Amino acid sequence: SFQNNSGKATIEFVFVGFDTVQRPLAVGVIMLILYVLTMICNIANIGFIIMDKRLHQPMYIFICHLALVDMVHCTSSCPTMIGILLVGYKTIYYNSCIVQMFTFHLGATMETFAIAVMAFDRFIAIGSPFWYPTVMTNCRCFFIIISLWLVGASTMFILPASVVPLPVCYFTLKYMFCDYASITRASCADPEPYFNTISILTSCLIFVTFSFICLSYIHIVIVVSK
């Protein structure tokens, strides 16, 4: 059935991605335990770094940032999957689905950015140790982190901007949470052009960040081996 744009706020999607799981309660409990442990470890990591002033240095600031990004990424999808498995709550409103999609993909993007900037930090620290305290100050660390979030959010804004105008035809999502693929497949449009767009975007991000990480660590290995 066709749903016009004016009524999208009232649309409820139904997740059916876990319908074939034979022991949803057991899987849900395991996922809940892993999620809670992940959150506790990341919060503890951030807490230790904040409380110990000796750790208020660029390397630990970036580690703290990676922990924060990991929490955002996990929280974007895990609570939905846990709710489906443990209590059978399978519905989500359209607007919430869009927010979840954006947050999930932003979290994934920021994971790669966070690892790349940590490699850059080590690249400078080991490659130019005398310049490191001058080049990589705490203020510059925060500036880099904020800049990465702005770049990541601006890039990922392409996703909701491309799917929100599409009319919705299907209200069943054969997925476990809302991502770009699930929402695109729920529309009346041919998903292939949209999948091609996200594939190109993802490939570019992965290639650039992975190449940067590899080159940074290759340089580090060369410097250390001299």
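Including glycine, each Cβ sits where the backbone N, Cα and C put it.
Please treat TrEMBL annotations as automatic predictions, because they have not gone through curation.
If you look up TrEMBL, you'll see 41-226 marked as domain 'G-protein coupled receptors family 1 profile'.
Listed as Cβ neighbours of the transmembrane segment (25-48) (distance under 8 Å, sequence separation of 6 or more from its ends, same chain) are residues 18, 55, 63-64, 67-68, 70-71, 74-75, 78-79, 81-82, 84-86. Taken from TrEMBL, the feature transmembrane segment applies to 25-48 (among others).
Annotated transmembrane segment per TrEMBL: 60-86 (among others), in sequence order.
What TrEMBL lists as transmembrane segment is 92-120 (among others).
Taken from TrEMBL, the feature transmembrane segment applies to 141-163 (among others). Only residues 6 or more beyond the boundaries of the transmembrane segment (141-163), in the same chain, are considered here, and those with a CB under 8 A from a CB of the stretch are 58, 61-62, 65, 98, 101-102, 105-106, 109-110, 113-114, 117, 180, 183-184, 187, 194, 197-198, 201, 205.
If you look up TrEMBL, you'll see 200-224 (among others) marked as transmembrane segment. Nonlocal intrachain contacts for the transmembrane segment (200-224), taken as residues 6+ away from its ends with a CB within less than 8 angstroms of a stretch CB, comprise 109, 112-113, 115-116, 119-120, 122-123, 126-127, 155, 158.
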